[in-house]
There are 2 protein chains.
Amino acid sequence: MAVGPASFPDMPVIEGLRLGTARAGIKTAGRRDLVVIEVPQGATVAGTFTRNAFCAAPVSVAREHLASCRMRGEAPRYLVVNTGNANAGTGDIGLRDARDTCAELAHLAGVAANQVLPFSTGVIGETLPMERLLAGLPEALRGLDEGAEGWAAAGEGILTTDTRPKGASVTVRLGDETVTINGISKGSGMIKPNMATMLGFVATDAAIAPSLLDELLRETVARSFNCITVDGDTSTNDACMLIATGRGARVDDEHRLAVFRDALQGLMIELAQAIVRDGEGATKFVSLQVDGAVTREEALDVAFTVAHSPLVKTALAASDANWGRILAAVGRAPVEDFDVSRVTIDLGEVRLVEHGGCAAGYTEEAGSAVMAREEIAIRIALGRGERSATVWTTDLTREYVAINADYRS
Amino acid sequence: MAVGPASFPDMPVIEGLRLGTARAGIKTAGRRDLVVIEVPQGATVAGTFTRNAFCAAPVSVAREHLASCRMRGEAPRYLVVNTGNANAGTGDIGLRDARDTCAELAHLAGVAANQVLPFSTGVIGETLPMERLLAGLPEALRGLDEGAEGWAAAGEGILTTDTRPKGASVTVRLGDETVTINGISKGSGMIKPNMATMLGFVATDAAIAPSLLDELLRETVARSFNCITVDGDTSTNDACMLIATGRGARVDDEHRLAVFRDALQGLMIELAQAIVRDGEGATKFVSLQVDGAVTREEALDVAFTVAHSPLVKTALAASDANWGRILAAVGRAPVEDFDVSRVTIDLGEVRLVEHGGCAAGYTEEAGSAVMAREEIAIRIALGRGERSATVWTTDLTREYVAINADYRS
């Protein structure tokens, strides 16, 4: 199940950026489960990672390698991703396995081990099948491809419980040049702010200074991947990487930066929303906008309290305009001195709540008509201040439970 | 579905405390949906209410009446509870209806309107069917009963999606006298700390000063009703009332207070756990104990993060010892400077996690054997300090979704 049509664009080439995959049989034989991304020399790479205290071994190693490359003024040359096994909760063995993966790929490709960043996603708590994983690396390297097929195969190769690959591409003009941004993402369950079980790999041919690339990644992730939630769980493995090959136009003035930032933000939101649309068991795609908050943090708190409410989510699944559940969720959000009589709640174009109760003129028929849609917008105005936030989420269905009760069996 | 055998004790009489019910047809014809509790003169009454900012009209009125009784040195004489309709999100009409209910009962019983406290539970956002509700009051008054049948009928009369009534009774010796505590509770979904959709009515014949009664209620609710969660949602209507008729032994010295407090705490926990055992769709009863925290607050944060994780809850439903999900939930709890290498996680008698990963000697077989049980204890030791907390929760099943997607239809 997923909301809306699947679409994976024909990705344009980003010169020097090549992607290869293999079927290593990490969890399931015959599945594309190993991805190698080759970063050309002279590129810049930025990364953001899970804040889960139990972060997975590959996250520790990727952070460490990225930092050591930065210190030496270099960039990572390879990213290696396996699915089917998260290499999380695996202690010292997990760290060794992540390092061994990097070492083997570095050996095969002729780079230093710390120029390889490892990523894993899948079941937590089982050690990697290293023999099969390492045996898959030559195949992935042989298949490195700069073109649309490379991107498409990689988009498929990073999936776990996802039902479809997620990709986005945008090309924008910077003066008389153009820059391209391509991205792929994965994630379907255990989705929540602060990098859930999601991986995002975004590459551009733009030339961007490292510190600016870091800032752009942080800013755009804050308003995309960190604003989605399927089930409120945050994984041990999440990462979003932004690669700038530097072979295209320079992002070196305010105007160019503004254009590039907008394009990147749009692409990040598209990739993040694609994860929600493919949320486990999802039948609805819900935009939750909170306005009139004192701070953006407060707006996010209210939005996520509603987005995580199982009662709101099951009402969405049932296309039931049970606005009382939305109101109850807003009311339990962590907001100080909350005057609920100023709150309004709109479902699409229909006003549900005002003056602390059901809006005058509201009819069940009008509410149900909006709830029946596949894409639903809920807007909550707090009447306290000027700040806003939007998060995206799904409904909670029997299928979500079925998927997660049966995942390992 | 519910976990463990149903049991509703034969309640002993608490002299002067009478309970009556009626079938008023508030939502469903023929269902016992109106309960009146008569409090004898000279009693003391304490109450604790939802912290949801959108609190229901009856909560506002009950708080106000309780405060005005206190100011005049009196106690409420009647509690009136309806199910089938929460009278929440109903604005000024809701407030008027709650006041009218009190006024009518006061008129019929010959007391002042502010000596009546109203309680409602059920669907949010619909106005009360006042004609039917008021028409049911004489029947409830005529049936007032001090005995076990009065308690049993009231235990049934306060239910909504509950599958069975919840009652507990305890009698303890205070010197050469005894005191009795009886209690009933309701709640099944929308259960979370800070008074979820739950109502608790507890009465004792002990004589206790008002300020001490307040303190006892606050203390014992903090470690019972506020330590349970089914789905993380907090309702607009929750309340727990503690009535001391004062006709029995006095709780007036340290020793007697300690004995009484223990008995009351035990009874409160029993009533709270009964709500979890009857959690919507529940097939498991889970005790989550967190030790080694710096503060009790921190221990509660970790416990509730795990208890609310849909991935942990679906694993419990599947009897799947997917300890990685527990570890991931612990890792995302809001704990500063969290050294996860010191954390241990035990499932029943089986150690799951130590040194940041799977415990040495752990076998899937041993984990699965514990997970197959209907009652499961999870113990998480943080290794940071001396404080602990225990919360009780359920699994998340397809039936939970079915119940909540279909509730209004």
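The backbone N, Cα and C atoms fix where each Cβ goes, and this holds for glycine too.
Per TrEMBL, the feature substrate binding site maps to A:Thr160, A:Lys186, A:Thr197, A:Glu280, A:Asn404, A:Ser409. The number of other Cβ atoms within 10 Å of the Cβ belonging to A:Glu280 (substrate binding site), over all protein chains shown, comes to 29.
Sequence annotations record features per position, and here TrEMBL assigns active site, nucleophile to A:Thr197.
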Lowest local Cβ density among A:Thr160, A:Asn404, which the record lists as binding-site residues, within 10 Å: A:Thr160
Taking chain B as the partner, extract the binding-site residues from A:Thr160, A:Lys186, A:Glu280, A:Asn404 whose Cβ is under 8 Å from a partner Cβ; order them by sequence and answer 'none' if none remain. A:Asn404
Residues near A:Lys186 (substrate binding site) by Cβ (under 8 Å) yet at least 6 apart in sequence within the same chain, in sequence order, are A:Thr83, A:Thr121, A:Ile158, A:Leu159, A:Thr160, A:Asp162, A:Lys166, A:Met198, A:Leu199, A:Ile275
What three-state secondary structure does DSSP assign to A:Thr160 (substrate binding site)? coil
